[in-house]
Amino acid sequence: MAAVETRVCETDGCSSEAKLQCPTCIKLGIQGSYFCSQECFKGSWATHKLLHKKAKDEKAKREVSSWTVEGDINTDPWAGYRYTGKLRPHYPLMPTRPVPSYIQRPDYADHPLGMSESEQALKGTSQIKLLSSEDIEGMRLVCRLAREVLDIAAGLIKPGVTTEEIDHAVHLACIARNCYPSPLNYYNFPKSCCTSVNEVICHGIPDRRPLQEGDIVNVDITLYRNGYHGDLNETFFVGDVDEGARKLVQTTYECLMQAIDAVKPGVRYRELGNIIQKHAQANGFSVVRSYCGHGIHKLFHTAPNVPHYSKNKAVGVMKAGHVFTIEPMICEGGWQDETWPDGWTAVTRDGKRSAQFEHTLLVTDTGCEILTRRLDSAQPHFMSQF
């Protein structure tokens, strides 16, 4: 850290004289960022690093005028970035959509950095919340509504439709149900759902690229209602797809359901990864390691951490009243990933396709309840696309 003139430390609760400044902030032109010691700087890092992300995002926006575009769409907004596959972003993104003030909002909705202070307060803990009967009813409601919204998105998927159009429909469907779309502004995510096409593993940002015949696309939906989040996703075929896509999507769904079949009190969370990886590898696929399932209720992401790969070190044993997601991401090639310069879009490093399915689950006395299950059918949407 660089030495600076005498100032007061910016760590919450510290009024010591500050002699150091964050070197990254200096490079990015961020004013302030003074600390009294390395210890204070490290203690503030979880919050402070979000300033770096915001500054980089704003810099990228300022560079829009220098883009080379086809018509009004730019498919190469990050000069010099080497894409791992054929997919390209279609920028600029449409403006962030507003949520009416009468809809209850999570704590991060209006935070300038999209930070959830309630999640940060529990970061690092492995204690898993046991939900009360009131909590469980709240989760049942929001998960049912989230399922309704995903089913609406499913009906839109066909060649020529953009993921931006899907996001718009999702946003309106959330509002119509008096729900907040949980992804919106979560650590500054700019849209109301995630749409992940082909080599995108997860957290794809909806844009103006039309879906193409032969694509696969995952739509990830989370709603917030009465203080609770409900989370699910499915992968869909776009028109006719090749046999490799069919096998990948079918196997990914089987990985999820085999893991769900094992959920009951007394099972260690780390066992789920063994089940998922065994089935994926038996079919010639790999399991993403960077992204995991998670606890969910009044917090969007919390304990337990639920890895999908084998021999993981996840902490915790299932008990009746736990609620969490399982959401395996399965790849045609290697499991290694990287992230686009937008800071969100996770893609396979080798450019091969990835698929995902997710449910939110309640552990019961004898097994589990799939809170995000379809009510009109026992099977996911892709099975009706065969």
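Glycine residues also receive a Cβ, built from the backbone N, Cα and C atoms like all the rest.
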Revision key, fill the gap. In Swiss-Prot, Zn(2+) 4 binding by His294, Glu327, Glu358 extends, among Asp167, Asp207, Asp215, Asp231, to Asp231
Study note, to complete from the structure: Per Swiss-Prot: Zn(2+) 3 is bound by Asp231, Glu358, and from Asp220, Asp240, Asp242, Asp342 the site also lists Asp220
Review point. Near Cys9 (Zn(2+) 1 binding site), which residues of its chain come within a Cβ-Cβ distance under 8 Å, counting only those 6 or more away in sequence?
Key: Ser15, Ser16, Glu17, Ala18, Tyr34, Phe35, Cys36, Ser37, Cys40
Point to revise | Environment of Asp220, Asp231, Glu358, the listed Zn(2+) 3 site - residues of the same chain whose CB lies within 8 A of the CB centroid | key: Cys194, Ile221, Thr222, Leu232, Asn233, Thr325, Glu327, Thr360
Check your understanding: What count of other C-beta atoms do you get within 10 angstroms of the C-beta of Asp231 (Zn(2+) 3 binding site), across all chains shown?
Key -> 26
Exercise for review: Using C-alpha atoms only, work out the spacing between His301 (protein binding site) and Cys22 (Zn(2+) 2 binding site) and round it to an integer in Å.
Suggested key: 29
